[in-house]
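According to Swiss-Prot:
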BINDING   13, 339, 340  Mn(2+) 1 binding site
BINDING   298, 303, 351  Mn(2+) 2 binding site
């Protein structure tokens with residue numbers, strides 16, 4: 001019998017809690033990640049008030065220097081710890097795959113200086129369209145169409161760009177490059193990015209419409225991902241008949257593998273929280289696992305090195321945390337964590353190699369305190385033990401520590 005009938009895992013994308021022991025092997029603009037500390041530096045430089053997460057015990061997590069504006073709780077309502085990554089990457093897919101029990105020994109490739117000519121030339125030859133070279137770099141998806149959409153409307157060239165994650169994105173105006181043509185080009189791009197020197201997690205078709213100065217991306221986005229190389233705990237759950245619900249980009253990250261119910265993409269963190277709450281309220285969701293990703297922290301504020309915006313985004317989540325809890329049942333378990341860091345005060349614009357926080361809350365708890373410090377995959381091992389399925393490659397359950 002399950003200790004908790006439902007477990008809800010919420011990933012606050014990029015909300016790290018201090019440099020990992022191997023941060024010296026990861027870099028931002030030539031600077032090692034050794035001094036990165038997403039939550040610590042936001043607290044220090046922008047001020048951070050998250051009373052609801054603090055109540056669970058966020059300020060009690062062991063750190064060399066306590067979080068400046070987040071107090072410790074003498075009698076927290078939950079259990080907390082921090083977790084270390086073992087995989088050789090600090091991107092979204094690597095973090096999420098490890099959380100679900102995999103050890104990624106060959107990281108995906110990211111392209112901070114844009115894709116090599118070899119890749120661009122192949123796409124040009126296949127599509128019969130030129131690629132706008134100036135867009136070939138990490139770019140905001142809305143900014144890139146604002147900057148190059150007018151040119152695409154004139155020339156029919158492709159807008160190919162990337163991000164901090166191992167993705168290749170192609171934006172195309174639906175009146176200039178029909179959606180079906182864009183999809184075929186993306187399918188081809190997927191076929192040539194399955195191994196080094198360009199091992200990519202996702203190819204994303206990004207159609208848009210409108211006129212210069214007023215472009216909008218449409219719902220015809222399509223992701224061409226790769227499935228995890230081995231079964232994750234999501235697969236173990238699904239195979240055992242335990243329902244799994246994906247909110248936000250979780251379905252894309254796992255290429256649908258092990259997901260029995262995709263609740264759709266998020267338009268924003270707030271929309272994602274709305275979707276999570278609707279998921280919690282589903283009458284048929286009496287037992288199972290929900291997995292939510294809230295990406296605004298990372299996409300809107302981490303990469304843009306905006307500590308004040310990041311702070312406000314954390315405030316927004318914390319303000320809505322009581323709503324999430326109010327829609328949980330007595331025997332539900334809530335786990336709040338991250339997938340990597342992205343210190344908005346740090347050098348460069350890339351993710352940072354950090355520990356991730358873990359907050360555990362249930363109305364059924366009679367105890368509180370610290371969970372032993374472990375690794376990302378301990379989350380999936382705990383979920384697996386709770387529902388009576390096998391773990392994946394790695395992970396040690398902390399279920400027995402939750403009283």
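Cβ from N, Cα, C; glycine included.
On the structure: features taken from Swiss-Prot.
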residue	record	DSSP (3 states)
13	Mn(2+) 1 binding site	coil
298	Mn(2+) 2 binding site	helix
303	Mn(2+) 2 binding site	coil
339	Mn(2+) 1 binding site	coil
351	Mn(2+) 2 binding site	coil
Pairwise CA distance, residue 298 (Mn(2+) 2 binding site) versus residue 13 (Mn(2+) 1 binding site), rounded so that it is a whole Å: 6
Integer Cα-Cα distance in angstrom, residue 340 (Mn(2+) 1 binding site) to residue 303 (Mn(2+) 2 binding site): 12
Distant-in-sequence Cβ neighbours of residue 339 (Mn(2+) 1 binding site), under 8 Å, six or more positions away: 11, 13, 14, 92, 95, 96, 99, 293, 356
Cβ neighbour count within 10 Å of residue 340 (Mn(2+) 1 binding site): 31
Cβ packing number for residue 303 (Mn(2+) 2 binding site), 10 Å threshold: 20
